[in-house]
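Per Swiss-Prot, these features apply:
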- 1-19: signal peptide (SIGNAL)
- 20-141: domain 'C-type lysozyme' (DOMAIN)
- C25-C140: disulfide bond (DISULFID)
- C46-C130: disulfide bond (DISULFID)
- E51: active site (ACT_SITE)
- N65: N-linked glycosylation site (CARBOHYD)
- D69: active site (ACT_SITE)
- C81-C97: disulfide bond (DISULFID)
- C93-C111: disulfide bond (DISULFID)
- N104: N-linked glycosylation site (CARBOHYD)
Amino acid sequence: MKFFIVLVAALALAAPAMGKTFTRCSLAREMYALGVPKSELPQWTCIAEHESSYRTNVVGPTNSNGSNDYGIFQINNYYWCQPSNGRFSYNECHLSCDALLTDNISNSVTCARKIKSQQGWTAWSTWKYCSGSLPSINDCF
């Protein structure tokens, strides 16, 4: 019985680190609830699919400049968020990179929309997979 209690406690503590995995439709609905126009949802869901497989807790491998990419949209810590190791960042989204790794994607969505407004869709290297005809998200609503 003690083992079972310890196991349940360990799993409960580990659960936040596991992150959330969205589906295309659950991400589209969540982003729409956060104010993203329906007309942009096919592009955003495509980017999330190719950047993180819809997972919120992904930290990408180290880039050639020593930076990393965080969260469902793989937002770069050199320009957009402050890494926890104190490394220099322009931190244009004014948040910690850890805030991009939570199940609550509001920070990720706000920051990603800022990136898009400043740099366009091509800020994401995976845009090449998303710039053509995409499946409708109408079946998600």
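The backbone N, Cα and C atoms fix where each Cβ goes, glycine too.
Overlay of Swiss-Prot feature records on the structure.
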{"residue": "C46", "record": "disulfide bond", "contacts (Cβ under 8 Å, 6+ apart)": "T126, Y129, C130, L134"}
{"residue": "E51", "record": "active site", "contacts (Cβ under 8 Å, 6+ apart)": "V58, D69, I72, F73, Q74, W124, T126"}
{"residue": "N65", "record": "N-linked glycosylation site", "contacts (Cβ under 8 Å, 6+ apart)": "Y78"}
{"residue": "C81", "record": "disulfide bond", "contacts (Cβ under 8 Å, 6+ apart)": "Y70, I75, S89, N91, C93, L95, S96, C97, A99, L100, C111"}
{"residue": "N104", "record": "N-linked glycosylation site", "contacts (Cβ under 8 Å, 6+ apart)": "none"}
{"residue": "C140", "record": "disulfide bond", "contacts (Cβ under 8 Å, 6+ apart)": "R24, C25, A28, R29, L41"}
Neighbour tally for C93 (disulfide bond), based on other Cβ positions within 10 Å of its Cβ: 23
So of C25, C97, C111, C130, which of the disulfide-bonded residues has the fewest other Cβ atoms within 10 Å around its own Cβ? C25
Can you see whether DSSP assigns C140 (disulfide bond) to helix, strand or coil? helix
In which DSSP state, out of helix, strand and coil, do we find C130 (disulfide bond)? coil
Please report the DSSP secondary structure of D69 (active site), reduced to three states. strand
